[in-house]
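To keep things clear, I will list the structure first and then write my remarks on it.
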Amino acid sequence: MAGGIFTVDLARDGQATPWGFRLHGGKDVGCPLSVQRVFLGTPSEGEIHRGDVILMIGNKDARHLTHQEATDIFRKAGNNLKLVIQRGKHVPTSGSSTPVNSPFGSTPFLNLSGGPVTMYHFAASPPSAGSTPPPPMIKPLPTTQFTDNYRPYTPDSQSMTDEESQEYLVEKHRERQSIASQAHRTFPLITPQAKPRHDLPTGSYLRFVSDPNWKSPQS
């Protein structure tokens, strides 16, 4: 199916439901905002596809947004979000995507049909004997994954240098020591028990009883 400019309406149940796609690019990295991956069973499934270039997010022009600004807009959006996307010819369109006239014109910046994008494609010549390969000219672009399958990162020994690994182990040891050696802050438990009964001594109540053998002194 032919590509073009489409309007897509995304809807989700609530703020806790992720949109379900991975965002790629931004103005700060010199690459248009695009969809890198769409996850199954999410509001984005069937609505947007991998390779779609995002032209507008709501009423904001996505061409002037950095990656972080676009990420914040998606995170703070409500339950409904309107996108204007550009889709290539090789990607099938869904039934809910509505083609619209492009207000942006045809620019190489938004070309997805295999046109010249020389700033991201390099023809590598075969290396000569004894030559050192040049360093890579493409820096990795930031990606943000809108999904709830988040797991905290735990560094392993292969991705850390000896110094970083030593600092990590020392920090973990200090954390365990602070937990184990912290002072006992709770009040001592008071166990319930029967209230002791203190019997009154005999003289305390006999003074109210008249003793026939007792005579008051004569005045």
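Even glycines carry a Cβ here, placed using N, Cα and C.
Among the features that TrEMBL reports, domain 'PDZ' is placed at 7-89. TrEMBL lists 172-219 with the feature region 'Disordered'.
Secondary structure of the domain 'PDZ' (7-89) per DSSP, as helix, strand and coil residue counts: 16 helix, 34 strand, 33 coil.
In the predicted structure, the domain 'PDZ' (7-89) carries a mean pLDDT of 88.
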